[in-house]
Structures are given as C-alpha cells and as structure tokens.
Amino acid sequence: MKPWRISSKELKEKYQKIIYSWVFNEFPSFVAEDSRRFISQETGNLYISKVQTSDVGSYICLVKNTVTNARVLSPPTPLTLRNDGVMGEYEPKIEVHFPYTVTAARGTTVKMECFALGNPVPTISWRKVNGHNPSKARLRKSQAVLEIPNVQLEDSGTYECKAENSRGRNVFRGQLQVYTSTIFPMVSTAYPHWMEKLNDTQLDSGDQLRWECKATGKPRPTYRWLKNGIPLWPQSRIEMINGVLMIHSVNVSDAGMYQCLAENKYGTIYANAELKILASAPTFPLNQMRKTIIVTKGQEVVIECKPQASPKPTITWKKGDKALRENKRSLPLSAGHTDAVMPVPEQPRITILPHGSLRILNASKSDEGRYLCQGVNVFGSAEIIASVSVKEPTRIELTPKKIELTVGESIVLSCKALHDSTMDVTFFWTLNGQPIDFEKEGGHFESIKAEEKQDISTANEMGLQKAKSCKVSNGRHHLIPGIVCSSVKGTDSSKVKPAFIQTVDGLPEGIQAAFLSPPGPPGVVIVEEITDTTATLSWSPGADNHSPISLYNLQARSPFSLGWQTVKTVPDLISGDMESAMAVELNPWVEYEFRVVATNKIGTGDPSAPSRVIRTNEAVPKTPPANVSGRSGRRHELVIAWEPVSEEFQSGEGFGYIVAFRPNGTRGWKEKMVTSSDASKFIYRDESVPPLTPFEVKVGVYNNKGDGPFSPIVVICSAEGEPTAAPIDVKATSLSVSEILVAWKHIKESPGRPQGFEVGYWKDMQQEEAAEKVKTEGNESSILLTGLEGNTLYHLTVRAYNAAGYGPPSTAVHAATKKSPPSQAPGNIMWIQDGSHVSLGWEPVRPLANESDVMGYKVLFRQEGQSNSQVIETQKTSAVVLLPDVGVYIIEVCAVSEGGDGTASPQIRVPSFSGKITQHLSWSDDQIVVHGLPDDQ
C-alpha cells in the first residue's frame with residue numbers, strides 16, 4: 001500500500017501554542033500513534049506508512065490551544081484504497097525531521113522529530129555522533145521523537161536519526177546548540193527568553209491597569225498583545241509601548257485572558273495573565289441588616305455601616321428624616337473618596353468614621369431613634385436601618401456586708417440592684433472570683449429568690465471549698481437572687497461577692513459578662529493567588545458575638561469531594577486575628593470552592609458564603625495507575641490492564657498513559673503511548689511472542705506538563721491463546737423422544753486452557769452451519785440436550801473455548817431420538833375390589849408404526865385431593881393395588897416405551913371400604929361405560 005499524508009497547516013495560528021491530534025471516523029475515536037502512524041507536532045501532519053485496509057475512513061484534524069483551551073476541527077478528509085495496482089517494497093524515505101540547527105536554553109526540554117515512510121515499515125533509531133545519547137533522553141511515539149529533558153551544555157552535539165528496513169536505510173543529521181544566560185551575549189542568534197512575566201490581576205472598575213513583560217533574545221524581540229486569543233490594538237484607553245500594556249479607567253468589558261508575545265525570527269514565547277474587574281453595587285452582610293442597639297446612658301455607640309461594593313461607595317447617614325450634613329468643622333464626615341471632615345452641628349459627639357460606621361460618644365436619651373446608612377456608587381445603592389435605645393444604668397442598692405462567722409454556722413447574704421424597668425437583669429455570685437455552681441451535687445450553696453431581695457445562706461454539716469465554682473441566674477423586675485451557703489468550715493476567710501448582668505450595662509470591677517454565642521459567618525472569601533497545589537485566601541471577619549474569635553478553619557469543596565472538607569493550611573492553625581491563609585495540598589487542575597468557619601470559646605459559627613469557583617494550575621501528574629495486571633487475549637498478544645486514574649488526579653490537560661514492557665530478563669523497555677485518559681487496557685501483538693511468555697510491565701502517566709511516575713513493576717504473561725486440541729471420546733446417547741446425553745474428554749496437557757465447552761447439534765437433513773449451540777462452563781464433561789424432535793437423527797460436535805476464542809471441533813458423532821410413545825391408552829379396564837385391595841386388568845396397547853414399542857405398563861394411583869401419585873410398574877396387563885387409607889382413590893394406567901410414557905387411560909374413582917365389588921370400564925370414540933355390582937347382590 002502507498003503511504004499517506006494529511007496536512008493541517010491551514011489550521012495553525014502562529015501566535016498560539018497548539019497541540020495536534022487526529023480523529024478517525026467519529027469523535028472521540030483518536031488515531032493511535034505507532035510505528036506506522038505519526039502526528040508531527042511541528043507541522044500538524046498525519047503520516048501513515050504502508051496503508052492498510054483498516055486505515056480506510058474519514059480523518060478530522062483537531063487543533064487545541066493550550067492557553068485558552070479552545071478547539072478547532074477541520075473538515076473531514078476521506079482515505080480510500082486504489083485498486084489499480086500494488087505498491088512494491090521500497091527503502092525508507094524520511095518525511096519528518098528536526099531542523100539542521102536546534103538551539104535551546106539550558107534547563108529546557110528539547111524534542112526532535114524523525115519519521116519515515118517505507119515498505120516494509122521502517123524502524124527509527126537515534127544516536128549522538130561521537131558520543132552516547134544522554135541517559136535521561138527518552139524515545140517517544142515508537143521512537144519517532146527523541147526527548148531530552150533539562151538539557152545541559154554537555155548535551156550539545158550532532159544527533160543522527162536513522163530509518164531502516166529490509167530494502168535499505170536513510171539518515172538525517174542535525175546540530176543541537178545549548179546556551180546559558182552567561183554565554184548568551186557571545187551567541188549571534190538566540191531564541192527569546194523571558195526576564196519578566198505577567199501576574200493575574202484583580203482591579204476595581206475605574207482603576208488603571210499596567211502590565212509589563214520583558215524578554216531577551218538576538219535579534220531583540222518585539223512584542224504583541226492578545227486578549228482572549230484575539231490581537232489587541234491601541235485605542236483611546238489602551239496604550240502598548242515596548243512590552244508595556246496600560247488600560248485607563250478599566251471596566252467590565254476589559255476582563256479576560258491576556259497574552260504577551262515576545263518574538264524574533266527564531267521563535268515566539270508567551271506570557272499569560274487573567275484580568276478580573278470587580279464591579280458591583282453596594283450590598284450589606286446579613287449581620288448588619290436591621291438591628292436594634294441598646295446602650296446604657298453615657299456609653300459609646302458604634303453603628304456599623306460597611307457595605308461591600310466596587311468601586312468603593314460613598315456613605316451618608318440620616319437620623320429619622322434628617323440628614324447628617326457636612327460643615328466646615330474638622331470632624332470626619334463621610335467614608336468614600338475624600339478625607340473631608342465635618343462635625344455635626346451642636347453634636348460634636350457624633351462622628352462618621354472613615355470606614356463608614358457612625359460613632360456616638362456619651363450617649364443620651366436624645367440619641368434614641370432610627371438611623372439610616374446609605375452606600376452609593378455608579379452601579380447602585382443600598383441602605384441599612386438601625387434603631388438606638390438608651391437605657392438607665394444599673395446600680396447596686398443593697399450589697400452583702402462583712403460578717404464574721406463561727407465554723408459550723410449558717411449565713412444569709414443579700415443583694416439588691418436598681419435597673420431600667422424595661423430591661424431584664426441577671427445576677428451572679430462568685431466565691432474568691434470564681435462563679436458559684438448551685439447545681440453541683442454535694443454542694444452547700446442554695447439560692448433564694450424573693451420579691452425584694454435574694455439571699456445566699458449556709459446550712460450546717462456541709463463543707464465549703466475555696467475553689468468551688470457556683471452560679472445563680474434569671475432575676476426579673478427587682479426579684480433579687482441570692483444564695484444559701486451551708487456549713488462554713490475552715491480557718492481561711494473567703495469572699496463571697498455578688499455580680500449582675502443587665503443587657504446594656506457593665507459589671508462590678510473584676511467581673512466580665514455578656515450574652516455570648518458562636519461567631520457569625522465571615523465575610524466574602526476572595527481567592528487571591530493560585531498555584532497547582534495551593535490557593536491563598538482572604539476574608540473579612542464576621543461578628544464575634546461578644547466572645548473573641550479564637551481560630552478560623554478553611555474548608556473546600558470539589559466535584560470529587562463528599563461535601564465540604566477541611567483542608568490543610570499554612571499556618572497550620574489560623575488564629576482569630578488573621579484574615580488570610582494559604583490552603584495547601586490541593587490537587588492540580590481541579591475546580592474548588594472555599595469557605596471559612598470561625599470559632600470562639602462558645603463554639604463554631606456558621607460558614608461564610610462560598611468563594612467563586614477556581615481551578616488550580618496544571619502540573620505533572622503524580623498518581624500512577626493502580627492494579628496493573630494481565631488479561632486473557634488471543635495467541636501472540638500481551639494484554640495489559642489497569643485501573644484508570646481518576647480525573648481528580650490527572651493534574652492537567654492532555655492526560656494519557658505510558659505503557660512500558662520488556663521480556664523478563666532483558667534490559668531495554670518498549671514504551672507505547674495511550675492517549676485516552678479513560679483507557680484501561682493496552683494490547684500488544686507480536687507474532688514472534690510464544691504463549692505464556694513472562695513480561696515485566698509498568699504503566700506511567702503524562703499530561704501536557706510532562707511525565708509522571710510509573711506504577712510498580714509487575715510480571716504478567718502473554719496470552720495463552722485459544723484451545724488447540726479438540727475434545728476426544730465424544731459419545732452421544734439417546735435417552736428419550738426429546739433428550740440426548742453428550743459426553744467427552746479433554747486433553748489436559750494441550751495449550752490453551754478451556755473455560756468451558758460448546759456443543760453444536762443439527763438434524764440429519766440440515767447443514768452444519770445451521771447447528772444450534774449450547775455451552776457449558778468450567779470442567780463439565782457432559783451435557784443433556786433437551787427439547788429435541790422425536791424419531792430424528794442428530795449430528796453433534798464438541799469444541800473447547802476460552803477468552804481468546806474457540807478451539808477445533810471434535811469429529812461429529814450421531815444419535816437418534818426415540819420414537820414417540822404410544823398414543824393409544826390401555827382399554828377395557830376391569831377391577832375387583834376386596835376391601836383395600838383392588839385387582840386391575842386391561843387390554844394390551846398396540847403402538848402404531850411410527851411409535852415406540854410397549855415395554856410395560858404403569859399404574860398410577862393417588863388419594864383424591866392430593867397431587868403426588870404412587871406408581872406400580874408391570875410388564876403384564878394386570879396389577880393389584882393396595883389402598884392404604886380410607887377414602888376415594890383416583891387410578892389411571894398408561895403404557896411405557898423407549899420414547900416415554902404413553903397416553904393415560906381415563907381416571908377411575910375407587911372408594912376404599914371392606915366390601916367386595918366387581919366392575920369394568922370400557923369406552924369407544926363417543927362413550928364411556930362403567931359396569932359392576934357388589935358381589936352380594
């Protein structure tokens with residue numbers, strides 16, 4: 001067959017990095033590259049050496065941009081075979097080769113292509129002239145690509161690609177030049193090399209963008225810019241000068257993926273970055289919406305107003321319907337774009353803080369009312385409302401006095417407080433600074449509630465310990481709680497101190513209390529920087545609910561996780577005063593959402609809203625396939641199977657497998673590329689490989705970023721092949737009109753172990769191709785064929801099978817099913833009954849010519865109402881039946897033959913009793929007659 005080449009040059013865009021692949025007939029059936037088929041990543045062409053019938057079909061070129069992930073498909077190109085001649089053998093012709101001079105920077109990866117057409121299919125080999133191939137070099141795509149990772153100066157030199165078959169050989173040589181930054185000025189030409197790249201950027205609407213990319217090279221590179229893969233040109237807001245891109249007053253339309261291209265005549269390099277524009281109308285967190293603030297007279301009040309918006313909003317305040325307006329006094333006025341300040345006339349105590357919140361000093365009853373905060377930017381506005389209520393302070397009117405006690409006495413301590421009548425008050429008692437626990441088992445404190453006072457007392461015969469913790473709570477409207485302390489013991493004096501909590505009031509010195517609860521949800525979570533395994537996050541703290549936040553916890557969710565999972569972070573413990581952290585040990589090229597959960601000493605609060613969905617960067621895969629093993633196959637095949645790597649661990653685009661194998665005891669590995677990420681099997685066929693040849697096998701992974709690890713080496717054997725021996729001693733025995741028993745033996749020493757056997761059978765007048773087939777499994781050596789036609793000659797063969805295929809059939813054997821049983825029923829049945837004994841007699845059955853001969857008779861009898869019959873067999877035309885129990889019995893008679901049981905006679909109903917009776921039954925085609933009388937009549 002002639003070689004074939006398809007060109008995709010018209011699809012290549014020189015300013016994009018692209019990957020070529022070819023679809024065969026329909027997507028996603030991709031062309032698998034091997035020694036006959038090669039796809040050049042330099043030209044995009046598909047080369048097929050020695051075209052075969054299996055190559056006929058439609059071919060579509062698929063071009064993929066590795067930056068934008070955009071894909072382009074060519075129109076279908078048909079491949080047909082000509083019938084006007086036969087292509088003879090010819091020597092190799094090198095169609096694809098690397099440049100005569102290849103220049104590369106030290107530390108980069110060099111890939112050189114070489115592929116030849118020829119008949120027979122040429123083999124490709126590589127060598128470094130006047131030296132050895134670098135030990136790190138790898139041969140890809142059936143040796144058509146020489147890849148040298150981390151190239152160094154010592155790798156420079158002349159490399160030779162040789163294509164060879166039985167008709168001859170052809171050779172190409174080229175020079176590899178490696179340069180470093182220190183010798184770069186001495187090189188007269190050089191490929192561009194980045195000195196400064198771009199970083200992803202996030203800006204508010206209206207800000208200015210400035211990006212700069214720098215590259216070296218000879219000649220000096222020139223720069224171009226792309227946005228979303230489309231060339232970018234200077235406009236009224238856009239400037240591009242010597243690698244610098246500036247966009248003034250950015251807006252949402254400027255968001256996208258940008259590329260900077262540095263190029264000279266030797267090549268082009270790319271730098272990529274994403275620009276995100278934050279543009280949103282003001283919104284307020286739920287914990288700031290509509291709340292009531294209660295404060296004690298004389299205290300400071302801060303009403304929060306922190307809308308989330310981009311650009312930053314301007315904040316204004318109203319009390320009732322009256323706006324708090326700016327004047328010339330030097331107190332802060334509004335949070336927004338200026339540092340303008342104002343005092344509120346006649347209210348220098350009231351200040352609008354720079355971040356937008358309202359502060360009131362020395363609160364009084366005149367400050368009560370409804371306050372409205374409004375945030376405004378170009379995209380809209382939002383407002384929140386808060387009500388301020390100022391309460392009278394709480395004062396202790398009656399306090400416990402110093403009392404001296406004798407050990408064993410009881411004491412009652414009283415405490416009374418005056419407070420705002422609209423507020424609830426809660427009292428606490430402490431002993432030596434520790435709260436008293438009134439519920440503690442075995443304790444000696446008791447609380448007493450009264451209308452005007454509440455006491456603490458002690459009762460006899462109970463112990464008192466200084467470290468004891470006690471508490472009393474829930475007084476209301478001047479109900480003054482107290483405690484009873486039982487049996488004061490010991491010589492050291494102890495102080496019992498009352499304390500109280502009012503919703504808006506402070507506590508006596510040394511006591512701190514508040515209405516405590518877990519923290520509120522943190523603010524918006526922003527993903528600031530992404531790598532392949534990390535994501536740097538920031539957030540704003542939520543409400544601490546009067547208990548300082550002690551730590552934060554980061555959680556992530558991906559398409560592969562079971563809901564939200566805690567992730568490892570740097571630092572390991574995120575303290576409550578932090579507002580950013582790095583999530584680590586993420587999987588590359590996986591989409592994640594993040595959220596933050598805050599904890600204080602009361603408990604863990606609700607989580608924040610999820611972040612935007614991000615995808616980590618690509619990386620070289622690190623997870624090899626699991627459970628590499630062998631599978632059954634045809635003769636001369638090595639079938640290698642594995643568990644596919646989950647998408648979660650593929651780490652990037654272009655994921656595939658590298659299947660490496662070698663005969664046990666040899667050194668060189670043969671490697672094959674499997675480009676489908678879902679593949680779980682590879683079949684290698686070599687006519688020279690004997691069955692059950694052991695191979696060392698390992699399966700590695702790769703993606704667009706490079707090669708990952710291989711699985712551990714396992715030893716598997718080539719396929720045993722299909723069975724080679726036919727079963728012997730095949731016998732077929734007719735059992736009835738519809739059954740034949742087939743039995744055989746198998747030669748155990750023959751190659752190709754069977755998984756079972758297949759029996760084929762056909763009628764004498766039919767061809768073997770029309771045979772019906774039935775299978776056995778395992779080591780079965782016989783089978784009963786049923787449902788056959790009576791009085792029919794059958795031919796039968798047996799053959800073994802396994803996963804590789806079928807073995808040869810045995811020599812055909814023959815067997816005929818029996819004739820049909822007699823269709824005539826026994827006639828003129830007579831019986832004499834003597835108690836439980838019934839003597840029967842009947843006329844013999846005479847079969848027709850096409851029916852089996854009569855061998856005897858069966859008498860079947862059963863008690864009425866039962867289904868199972870008892871059987872008496874006889875070769876005579878008479879029988880005696882013993883009826884064991886009292887009741888009515890049903891009796892019938894039929895002939896027995898090789899073909900089975902004949903037609904049964906009509907049923908006889910016989911009662912079992914002690915008398916004697918003689919009867920006989922006769923019938924013709926149209927009537928049945930029963931004759932008989934008791935013998936005593």
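Even glycines carry a Cβ here, placed using N, Cα and C.
Under the heading domain 'Ig-like', TrEMBL lists 20-74 (among others).
The feature domain 'Ig-like' is assigned by TrEMBL to 92-172 (among others). Across the domain 'Ig-like' (92-172), mean pLDDT in this model comes to 91.
The annotation domain 'Ig-like' is assigned in TrEMBL to 185-276 (among others).
The domain 'Ig-like' feature in TrEMBL is assigned to 282-389 (among others).
The domain 'Ig-like' annotation in TrEMBL covers 393-475 (among others).
TrEMBL lists 521-619 (among others) with the feature domain 'Fibronectin type-III'.
Taken residue by residue, the domain 'Fibronectin type-III' (624-721) breaks down under DSSP into 3 helix, 49 strand, 46 coil. The domain 'Fibronectin type-III' annotation in TrEMBL covers 624-721 (among others).
According to TrEMBL, the domain 'Fibronectin type-III' annotation covers 726-820 (among others).
Of the recorded ranges 20-74, 624-721, 726-820, the domain 'Ig-like' (185-276) has the largest number of C-beta contacts under 8 angstroms with 20-74. Broken down by DSSP into helix, strand and coil, the domain 'Fibronectin type-III' (521-619) contains 0 helix, 38 strand, 61 coil. Here the domain 'Ig-like' (92-172) is broken down by DSSP into helix, strand and coil counts: 3 helix, 48 strand, 30 coil.
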